[in-house]
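Per Swiss-Prot, heme b b562 binding site is recorded for H83, H182. Annotation source Swiss-Prot lists heme b b566 binding site at H97, H196. As annotated by Swiss-Prot, ubiquinone binding site applies to H201. The transmembrane segment annotation in Swiss-Prot covers 33-53, 77-98, 113-133, 178-198, 226-246, 288-308, 320-340, 347-367 and is backed by similarity to another entry.
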Amino acid sequence: MINLRKTHPLMKIINHSFIDLPAPSNISAWWNFGSLLGVCLIIQILTGFFLAMHYTSDTLTAFSSVAHICRDVNYGWLIRNLHANGASMFFMCLFLHVGRGIYYGSYLYKETWNIGVILLLTVMATAFVGYVLPWGQMSFWGATVITNLLSAIPYIGTTLAEWIWGGFAVDKATLTRFFAFHFILPFIVVALAIVHLLFLHETGSNNPSGINPDSDKIPFHPYYTIKDALGLAFLFLILLLLALFSPDSLGDPDNFSPANPLNTPPHIKPEWYFLFAYAILRSIPNKLGGVLALLASILILLIILLLHTANQRSMKFRPVSQTLFWILTANLITLTWIGGQPVEQPFIIIGQLASMLYFLLILVLMPLAGLFENYMLKPKW
């Protein structure tokens with residue numbers, strides 16, 4: 001009998017991508033996050049689909065429709081909690097996935113990396129428009145503050161902001177279009193993820209040592225499907241613990257109040273996964289400067305491969321670069337904390353110092369560390 005898995009046109013693609021794919025024999029648990037992100041995306045699309053059946057994108061009924069989902073729809077509370085906390089899990093996996101890419105030099109696969117950065121931006125846009133939909137206080141004011149940043153663009157800014165709003169302020173038209181965006185963007189994310197995988201399979205996976213693994217490859221199934229299954233078990237465990245025992249711990253209490261344009265919350269802040277970028281935005285007193293710094297904080301990932309100066313790909317055997325990498329990680333955690341604090345001393349100065357250090361580490365210190373390590377590895381005799 002002919003093996004259908006290897007001959008059928010459609011099954012053949014799946015086989016080459018997930019079953020008979022040659023994978024390096026030494027990839028660690030840090031390589032689990034790609035599959036975890038795929039599962040997170042499927043969870044978000046499925047839970048979002050069921051939420052969309054009951055949600056109404058109208059300013060008068062949006063808030064009560066979310067309350068109706070939680071109170072009256074069968075397992076609506078569970079679907080909503082899985083969707084809200086699934087987004088947090090998605091971003092946790094995303095940040096770890098990007099961190100792994102920086103640590104092990106995966107950015108040198110430039111097509112895969114650049115598509116990945118576009119994916120990150122698309123997922124961030126999806127999460128932002130999704131956060132607006134429950135039409136609570138923080139949803140409304142978050143949308144107002146972030147979309148208002150467009151008005152900082154010279155000459156066309158105000159027109160652009162009003163075009164996005166569909167009026168002179170965030171209102172019914174904004175909510176309706178944000179719901180449309182939130183529905184379509186995940187499918188664009190799926191398409192980009194397929195392109196991301198396509199480019200990855202052109203080169204094959206990187207590995208912790210950073211050297212060419214072609215001489216030692218093993219089939220993806222069963223070795224890495226089993227390994228990914230363990231990661232999945234942990235993902236589901238954490239997600240279910242969050243969704244069932246502490247569903248609102250990562251949300252904002254202000255979002256339990258319906259949106260009120262006449263009452264501004266004392267501290268406007270986005271979800272936790274945007275706080276690092278929000279802290280960088282707030283650390284610059286000038287509006288346009290803040291917007292540019294916010295964009296630069298993410299888009300800097302596109303030029304990271306131009307800043308690679310080391311002769312070795314991975315940081316596994318580069319202690320100076322390793323130290324700077326973990327300082328960068330601590331710095332991002334500090335920025336996340338600062339983003340959630342009020343705009344007052346000492347938080348202002350800490351945020352400004354952390355923002356400066358973020359750009360200094362990536363643009364100056366890490367390339368210099370690479371050059372220093374090259375020099376130290378040269379034979380001196």
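For all residues, glycine too, the Cβ spot is worked out from N, Cα and C.
Distribution of Swiss-Prot features across the structure.
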residue : record                   : contacts (Cβ under 8 Å, 6+ apart)
H83     : heme b b562 binding site : Q44, T47, G48, L51
H97     : heme b b566 binding site : F33, G34, L37
H182    : heme b b562 binding site : G48, T126, V129, G130, L133
H196    : heme b b566 binding site : T112, I115, G116, L119
H201    : ubiquinone binding site  : H16, S17, L21
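Remote same-chain residues near the transmembrane segment (320-340) are listed as 99, 102-103, 267, 269-270, 272, 274-280, 282, 310, 347, 350-351, 354-355, 357-358, 361-362, 365-366, 369-370, 372-373 (criterion: CB distance under 8 Å, separation of at least six residues from the stretch ends). Classification of H83 (heme b b562 binding site) by DSSP places it within a helix.
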